[in-house]
């Protein structure tokens, strides 16, 4: 056997390595947790990763004030407590919070509208990082601009902390619908579309040719039940983020387990019946339709 | 006769394995139908199987819950080929050295999970692998990858930094890296269409250079 290890040819933080990490999360459920105990419950239930944060979005919403990155000591404790990947949230445009999270050892950074934006005009230049990023999007323009900045995964924004799946569905339908329209456009129409959405033409052409986003596309924002998770898989999402829906439920263990199973069985209603039975109360939530615009998080970071 | 290939699809990088199997089959002039396996009852019809990367805790849990685990064991016991990659290697091992993973004992190796570190330590590098077609190194992508700790009856095909990262044990080929992430299908060809007996007559046509995008 040749032992030509070519160690000097090793490359870290390439697009392939960053996007590859996101691809390994496909078909999985990523769960918001605030401490090591919750992280272990998530891991036992079969979560593919946990999102370490100070408070789940529903509590951030209730509390008001400025929402920031979690205490790095708490993030580090969660990193040490589980074998699955750990993600952390930074404020939009807050390069320093992102660098701190990367240094703590998180496996992916969520530049998230759930926290209070730090920069009104710019997102983080994600290409400068070794760690991969996930960003929220409401439409194809937001998605492709984030990918151009270096995002390795896109998720719907939905409306975090509401327990109402309505906006996640709306955003996913908007993105998929725009891609379907793009597929029917000529080369020059696609170029014009790229100018309109202020995204590179190259990314627009790539998306049109692939018939999907060039990175993994998850659902997030308001997913509260196994049926919600199955619905987002039905809408061709690659996987699911669940925020307040698990630890805001009456029986988090049962809910976490059921949502993992629902993602694998999303196209089998009879199995979904069994999965959905006797889970106790799901999070109470707030219907999106009742939410005044100033209380919505989805408009942050376009 | 058309072959049936199954990709265990309870979680992880499924579509890319399906595409790699199709390319490898085409290179060997074989007709193949690929199906995704998320429930029991499909594996018995498969001539070859891929166990993809993803999260090993999630995959091991779901293959047991869905009743697929025993079917995979029977597939390998019958001498049919299986390719296990990254988390798939952990799930296929005889000893994952972690009680959070309930492994299938398909290959006689113990593994160390996340042996190369967290995601910021993940890397791509050219890797020399015994038995792959032509002499070119393989573009290997290691994502929070495991390493093989103890090799029992398995044969080591490749090492990275002194640690085994690809093995063959009977009908099973297992890698710590992700051969499905580039266009290079030589590992899929090795696992499925170039069995130990036929290594000598491995095809010599030009292969893609595996450039990443």
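Glycine too: its Cβ is placed from the backbone N, Cα and C atoms.
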Recorded D-ribose 5-phosphate site member, picked from A:13, A:141, A:177, A:222, that accompanies A:32, A:161, A:243, A:244 in TrEMBL: A:222
Pairwise CA distance, residue A:222 (D-ribose 5-phosphate binding site) versus residue A:173 (D-glyceraldehyde 3-phosphate binding site), rounded so that it is a whole Å: 15
DSSP-derived class (H/G/I helix, E/B strand, else coil) of residue A:32 (D-ribose 5-phosphate binding site): strand
Other parts of the chain folded back onto the region 'Disordered' (A:283-302), taken as Cβ under 8 Å at six or more residues beyond its ends: 57-58, 61, 92-93, 111, 113-114, 117, 123, 135-136, 138, 142, 157-164, 166-167, 171, 221-222, 224, 244-245, 248-249
Reported mean pLDDT - the domain 'PdxS/SNZ N-terminal' (A:16-220): 97
Between residue A:243 (D-ribose 5-phosphate binding site) and residue A:89 (active site, schiff-base intermediate with D-ribose 5-phosphate), the C-alpha gap once rounded to whole angstrom: 12
